[in-house]
Structures are given as C-alpha cells and as structure tokens.
Amino acid sequence: MPLIEAKDLVKEFRRVRPKTGAFSTVRTLFSRDFEVTRAVDGVGFAVEAGELVGYLGPNGAGKSTTIKMLTGILTPTSGTVEVAGVVPWRQRERNARNIGVVFGQRSQLWWDLPLRDSFRMIGRLYRVAPARYAQNLDRFVEVLGLASFLDTPVRQLSLGQRMRGDLAAAMLYEPPILYLDEPTVGLDVIAKERIREFVAGLNAEQGTTVLLTTHDMDDVERLCRRLVLIDHGRVLYDGPVAPLKEKYAPHRELVVQLASPAEVVVPNADVVRAEEGRVWLSFDPRTTPAASLIAEVSAKYEVTDLSLVEPDLEGVIRRMYLEREG
Amino acid sequence: MLWQLRAGLILLGGAFRATAQYRANIFSNMAAGAAFQTVGLIGLWVILNRFGEVAGWTMSDVALMYGLRLTAHAAWAVPLNQLMEIEHQVREGLIDRYLVRPVNPLVQLLTGRVRLNVFGDLAAGLILLAVAASRADVDWTPARLAFLVLAILGGGMIEGGFQLGLAAISFRTLGTSEMRFTVDTIFNLYGNYPAKIFSVPGQIALSVLPVAFVAYLPTCALLGRDSGLPLPDWAGYAAPGLGLLIATGGYLFWRSQLRNYQGAGS
Amino acid sequence: MSAWALERWSFVDNRIRTVFAYRVDILAWLVGIALHLVLMVTLWRAVYAGRPVVDGVPLAVMTTYASIAALQALLNNDDTVDWLTERIRDGKVGADLARPVGLLQQQVCGQAAQLVMKVPMIVLVGLVAMLAVGVSAPAAPGAFLLSTALGWAVNCCLGLLLAATAFWTLETDGTMFLYFVLSGLLSGALVPLWVMPSWLGGLLSWLPWQAVVYTPVSIYIGRLSGSAMWSAIGVQALWAAVLAGLVVLVWRRAVHRVVVQGG
C-alpha cells in the first residue's frame, strides 16, 4: 500500500468578487457575488515509502494547495487523501506525528524564542524520549551547522539559518514523511547545496519519504528520481525524470561565436537566438549528428568558438507547458 | 484531554518566555486591564453620585452586579483572550502551523501569547466583587456563595461561547473583529446596567441574547429582587446551565468552521 | 490632482480598501453605533426618572448630548495605533520607511482614510437618530462643524503621540487599551463634565481630551454659545497647534531609533 495516496483531489476557493466603477466599495460590501476558483482539479497520485518525489508546476498551478491538503491544513472540496493510513484533515493530530513540514515562506518556529527553545518545545510536543532527542539534536546541529546560532531568537536569523532550523525542527521527531514547500527559495548557492545534501541524506540513510515542491530545477535534478508535474490543477506528467527529457527535449543546441556577425543559414538546424555574433542553433541529434553540423557551420562561416548545450529540466518543462498552451 | 492540557502548558511556557522579552509592558498591560474595567464603574459612579439611584438600584446594588459581571468577563477573557488574534492569524496564514502540530488548534491559538492585561481584569473584578459583596444587602450562606461562583463561571461561558463562535467565522476570511468587539460592547454596556430600565422590546432582546443572564438576573436572585423582565423566577439561576450550553455550541461551531480555512493567499 | 496629492491619496485609498475588504465589520460597526446610542438615551431617561430638568439641563437636551457625543466618539476612534504596532512587530515598518512618503504622513493619510469612510455613515446614523430618538438640530451648525474638525485634529495628534510609543515598547496593547477607555471618560463622551463632581469636571477642563468631544457637543446643544463658545474653540485650536508640534518632534526622534525586527 502506498504511503501517500491522493485520489481525484479537488479544492475550490470562494472569494467575494470585487466590484469596479462607481460606489465600488459600497457595492462590494453588500455583494453576494462569489468567485469560485478551482485551484486543484482532480489530482491523483501515489507515493511509496522511501520515494523522493518532485511536485512541480508554474505559479498558481495548485502545488501549495495540494501540499496543504496532504498535510491536513486544508480540507478538500472533494476527493480523498490518505497518508500513512490516516485522513489528514480528519485526524490532524495523528497525522501531525507522521509528518515533518517545512514551508520556505513561513517558519514553523517560535519567532521570539531562541532556536534551542523552539527545538525543546517541539521535542516535548511530539513526545520525543529525552535520550533520543539529545541524540537527534546533536546530529542535526552537526550536519546542518546550527551551533553558532542555536541561542539566537528566530526573528534575528538569516533566511538560510532559519531554513536549516526549520528542517531540523521538522525532523527532530523522526517523521517517516517530510513535505518541503519551496525549501530553497531565496537562498544563496551554498545554503541551497547544504539543504539539498541534508534532504538527500535523510532519504538515503533513514528512508524518509520526501515530497518536494520547488521552482529551482537544480533541486529537482539533484534530488528527485520521480516528478509529478501539474498545471491548472491537473497532473500533466507523473514518472521518472529521464524519459521526460527525451520526449520534450530531443533537441540539442550548438552555440557558435562568429568572427563577424552574419546571417547564419544551415540545413537541418534552426537559429533560435542570435546576438553580437553569437548564434544558438537547435538541431535533432537523431537525424543530424553534431559533428556534421559543426563541420557544415565551420565551412560556411568563420567560427572563433563553439560549444554544445545539453537540455536542462527547466527548458524541458518550459517547452512542455508551451506546447500545451499552443 | 489531559494531553491537550499538558501541551497547552508547554506552549504557554514558550509564550511566557517570549513575552518576557517585552518586559516593559507586563505591568502597564495589567494596569490597563484593571483600568479598563474601573473606568466604566467610575462613569456609573459619577452618574449615581449626582442622581442617587437608577430604577431603584443604588450604588451598592449596581456595584455587586458590576463586580459579578467583571469577574464573569475575566473568567472567559483569561483563557480566551487570544481569540482577538484570529483574524490576523487567518489572514497571514499563521493557522497553518497549528494544523500540522499534534495539538488541538484551538489550544495552540489560545496559548500562543500571554496577555497579562486580562489578569488586571480578573484582579479588578475580584476586588470589586469582594468589596461589593461585603457591602451588599445579602446574607451570604454557603449555598449563595456556591451559586455566586457557578453564576460567574456560567456568565463567563455565555460570553466566551459567543466569542468563540464569532471568532470561528474568521476562517471564512471574513473580518470579525468589529463583530466580536460589538458583542463584547453589548455585554459590557448592557450587562452593567439593570435591564429593567429598558422598554419591553429591549428587555426581551436582552433576555434572548442573553445579556441579562450573565449578571443582572443572578444579582436579582442574590438580592431577592424582582427582575422586572418577562421571565420566570428560576431564570435568575439559569446562568450556569445556559453557559454550558452556549460554550458547547460555540466549540462545535468552531470545529465545523475550521473546515473553511483557506490558508494565506492561494 | 497634483502628483503630490495623488501619491498621498493612494495611501488613503489603500487603507479604505483594506477596511472595506472585510465587509461584515462595517455592518457590525453601524449596529454598534446604534446600540450605543440607544443605551445612552435609555440610561439618561432612567436616571432622570421623570424629572424634567436636572442641573438646568432638560432631558431632551441631555439625550441629544448623549447621542451626539456617542457619534463624536466614534468619529474619533480609529485603528492607527493598531496598524502601526502590527507593522512594527512584523518588521514591515522598514518597508514603510523606504516609501517616498514619510511615515508620519502615511499615518495621517490612514487617519484621513478612516475619516473619509466614517463621515457619511456617521451623518446617516445621525439623521436616523434625529428622527428616532428625537435629537434636536445643532444650535450653531457652523461653529459646531469647526469645533468638530478641531476636536478631530486634537484627537489625531493624541493618537499619533500614543502610536509613537510603539517605537520604544514594540507593543502598545496596554497603552492603547487604556487610552481608548480613559478617553471616553476624559473627553466627556461617557458623562458630560457638568454632571461630574466639580473637582473632577474642573480637572478635566484643563486637559486636551475635553476639546475632542465635550466642546463640540456642548456647542451643538447650545450650552456653549457667544463669547464662551469662541474662547472654547480658541482653546481647541491652541491644543491642536501645541500637540501637532509635539507630534512632529516625537516622531522625528521615533523614526530615528527604529528597530526593524527581521523581515
């Protein structure tokens, strides 16, 4: 049985539709005109224990709303969710003991208390045995490098420090499931890498099941073996990363630097971008070997430099969404 | 239940340590709480000082009623004062974190912060009640004292139940602070004066709402006076039972509204 | 509209919109005004207990005083302090300070926003009260309006002084609460100064709060008229000027020592 299972999940939000024009505020005041938005529209997927799944989609696709239903914060309009045998919004307290939650935008820590105090309260609220607690805390302090700001009130921490604190707090009671919502947003490269390393370690060593939403494709490339892509509240793709790349990014790019700017025309390749003598050529390696393309271009133009670009996931997903729109 | 209490104490400990960071305010807050309640009484005293009595109630009668209501008010305001934060917390999505922790969200909300000014309310209420009770024309038998305590708790549950129910509407991202403030004002204003001064429709409204049950009717029962309201005599003793009913209703409504919480933004 | 005015209006407009976004509030607020009015009128009828005139004041004048004072008190009750405290506590005040319009001006805009929103409703409720409760028309309408405006200015300044304490204490719950309640008594909104024992009434006449409610309402009912009225208005203007100066001074110091709490 899967650890996390969502079926036909739907969430609608109701908002009063604001009026415009004369007396707009007064008319809004007495309005019964609701705007219903369907943030999640029939999402379903299952996650097995030990998986590390990336849950991706453009802004407003319904990522956070789904995560909030999985964690029990929101009650779905329809559909079912079961997490470790518990219906999250019905048995919130039982569910809470099974899950760790880190929201990049919002800290779960106590704003006015030193990090250490927040940890102590988490330990007591989740009834972690003292010996276990001390052991876990020591480990996290070391792995996440928390020692230097353990006694600083949370509101004085930098974003990166706070995120590390939040991660430790979410894992102190060793939940089998960890939800990460934009864990690296706004962090610098080093802080991002540290967090990725920690998450990869949890998944590999403790078998923690991780569901990750992110805008950062490096997070996904580094961590996830499986992707669930959603848009407009529906699942577009659910599966491993590699086939997705093959399907949506069969093309490679050849970047050439010309000695003098020129209009480049070669058969079997399209110019996708050109600026100041640098030209990006897109081609299909299945029909046009890179070597022959390079030879062709070098013969026709004076090339001072060139490089081949592998497709990145971000490009893949952008192309996929574009294709869908068009 | 026991776990909720223990968890509440853990959270309260954290809130207390956090409040200690703003130490300067602790005593001014308590003084403010006490002053808040005293000012209303001063206003009443100013009027009665000039006019002698209102509807046959002298200062000592009014003071007993006032003391009873203040203490009842403190009886709900001490545990439930954090309800005033709910709108802000719903709007900013701060409820999220309560819903992913293994403790009842209401317990977490109520123990989120320590507001010492309500203890000022409590102190003011108890002192006034003690003074007024000793001066009032009441023969304090153990039964009457027991009723006084039950009436205070019942009155607190009547007001607290309403406040909890109204606060729960905030989950629909609607503003409720003015509404809660209005209900509090009604209880504060209308609960502190003998309800018989109102015309019959007003008296009925105060009986139904039920402001009169918090302090006026129990005080009438203690003083052995006719309430002048269109209610049976036993209504004077109804506060505890009614309080339990309204508090339960308020909590069930709270639980049902929690389903409508939408989080911050989208 | 000049660019200067436009820039400031955007703050006013913004605050009005945030207030209106929470619709139920407004209705509750109107109900609150009405309830307060009814209570005050009922209470005075009860304490008059059939006597037509007490202290030279007929019952009808007393109920008029109570009604107008209740409306006046509402006009002067706004959430500026709450707003600022929340911004400081959440560390948003840093962003406010970075705006092209000064923080003090933003606050004044906030108060103006509330005024824009409240005046039509207060006028509406006032008209209904006139008919329902039998409130009489103002004795000197022009002087009453002038006095009301000055009272509002005095109250704004007092509110801004109080709001500034948030910069030092980071929280103002206590002070705000205390102020809200005390000002009801000190301004004469709860009980007119002439009903008070003479020592209390005399003391209050030397404080700025009576300029907020007691003076305009006394002009309304005609208790203050002629030269006494104009000297009372002069006292209001004096308070407004002195307090405005103090506000500018205190705010300049307050903004200097802003502690932004994280972000």
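Using the three backbone atoms N, Cα and C, a Cβ is placed for every residue, glycine included.
All annotation found in TrEMBL is predicted automatically rather than curated by experts.
For C:20-44 (among others), the entry in TrEMBL reads transmembrane segment.
Look at TrEMBL and you will find C:56-75 (among others) tagged as transmembrane segment. Only residues 6 or more beyond the boundaries of the transmembrane segment (C:56-75), in the same chain, are considered here, and those with a CB under 8 A from a CB of the stretch are 33, 36-37, 40-41, 43-45, 48, 115, 118-119, 122, 125-126, 129, 133-136, 148, 151-152, 184, 187-189, 192, 194, 212-214, 216-218, 220-223.
The transmembrane segment annotation in TrEMBL covers C:121-140 (among others). The list of residues near the transmembrane segment (C:121-140) in space but at least 6 beyond its ends in sequence, with Cβ under 8 angstroms from a Cβ of it, reads 26, 29-30, 33-34, 37-38, 41, 60-61, 63-64, 67-68, 71, 74-75, 219-222, 225, 229.
Residues or ranges marked as transmembrane segment by TrEMBL: C:152-170 (among others).
The transmembrane segment annotation in TrEMBL covers C:176-196 (among others). Within its own chain, the transmembrane segment (C:176-196) is flanked in space by residues 55, 57, 62, 65, 69-70, 72-73, 76-77, 81-82, 85, 155, 158, 162, 204-205, 207, 209-210, 212-214, 217-218, 223, which lie at least six positions past its ends and keep a Cβ under 8 Å from the stretch.
Annotated transmembrane segment per TrEMBL: C:228-251 (among others), in sequence order. Within its own chain, the transmembrane segment (C:228-251) is flanked in space by residues 103-104, 140, 143, 146-147, 150-151, 153-154, 157-158, 160-161, 164, 208, 211, 215, 218-219, which lie at least six positions past its ends and keep a Cβ under 8 Å from the stretch.
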